[in-house]
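Copied from Swiss-Prot, the annotated features are:
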DOMAIN    1-233  domain 'ABC transporter'
BINDING   G33, P34, N35, G36, A37, G38, K39, S40  ATP binding site
Amino acid sequence: MSIVMQLQDVAESTRLGPLSGEVRAGEILHLVGPNGAGKSTLLARMAGMTSGKGSIQFAGQPLEAWSATKLALHRAYLSQQQTPPFAMPVWHYLTLHQHDKTRTELLNDVAGALALDDKLGRSTNQLSGGEWQRVRLAAVVLQITPQANPAGQLLLLDEPMNSLDVAQQSALDKILSALCQQGLAIVMSSHDLNHTLRHAHRAWLLKGGKMLASGRREDVLTPPNLAQAYGMNFRRLDIEGHRMLISTI
C-alpha cells in the first residue's frame, strides 16, 4: 500500500512527541490510549489545523505547503463534538460539504446509511447530540468519498463513535470499510479497545504524547503494552472465534 502521510519527529510543546509514523492508502489506523495521551492533538496536527516541530509529508508534499482549499479537497477532518455553528436545514449543511453539489442521490444514500432520512429537513439547532454527530459524520464522508471526489485521500476522525448507539456504530463501520476498500486512508481515535481489535488494520498506542507501540492491531494491543499505557492489567481472550480484551483487577 502506498504511503499517504509521513510523520517525522512531530511534536507540540509538552503535549505531543516527538513521534514518527506513516499512514497508508486503503487502511484503517486507530489511535488508542488513555485520556490526555495526545490523540486529539495529533489528529489536529495531521489535519493541518496546527503547527509545531517536526515534519509531515502529505501525498509527497510538506503539509504546510497545502492551501486550505486544496487540503479540503484531499482530506476531511472531524474534530471532537461541536455545537452547530448556525441554524440551517440538515440537507443544506450536508450540501455545503459536497464538492459536486449535483450528487443528490449520494447525499441521500449517505444520509440513509446513517439513519438521517427523516432529519434532512430539520434545522441543525434542533438535533440531539447523537443526531448532530451523525450529521457531522455524513458531512465529512460526502466531502471525501471517492465516489464524488476522486482527489480524496485521507479521512481523519476524532472519536467518531461518540454519542452513537450500537446500530449506528455498525453503520459507520460499514461506511468506513467501504471507503477503505476504495483506497482511502482512515485515521481515527478510539477508546474502545475491542472495537480497534476487530476493525483496525493497524494501531498507534499513545501515552503522555509518546508512541508506546505501533504496528498491526494484534501486535500493539497486547496485555503488556496496555498495562504500560493504562496502568492496569489486561487479558486477551478468544471467544467463539473472536478476540476480546478484558481488564483484570
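Including glycine, each Cβ sits where the backbone N, Cα and C put it.
Because the structure is a prediction, the values reported are computed rather than measured.
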Worksheet entry | Neighbouring C-beta atoms (10 Å sphere around the C-beta of G38 (ATP binding site)) | 25
Worksheet item: Hey, what's the Cβ neighbour count for S40 (ATP binding site) at 10 Å?
Response: 18
Item to complete: Please report the number of other Cβ atoms within 10 Å of the Cβ of N35 (ATP binding site).
Response: 7
Worksheet, complete the sentence: Across all protein chains shown, the binding-site residues G33, P34, G36 give the max Cβ-within-10 Å count at G33
Practice prompt. Give the number of CB atoms, excluding that of K39 (ATP binding site) itself, located within 10 Å of its CB.
Written response: 26
Worksheet entry | Other same-chain residues whose Cβ falls within 8 Å of the Cβ centroid of G33, P34, N35, G36, A37, G38, K39, S40, the recorded ATP site, in sequence order | S189, L206, K207
Worksheet item: Averaged over the domain 'ABC transporter' (1-233), what pLDDT does the prediction give?
Response: 96
Item to complete: Under 8 Å Cβ to Cβ from A37 (ATP binding site), same chain, six or more residues apart: give me those in sequence order, or none if nothing qualifies.
Response: L206, K207, G208, G209, A229
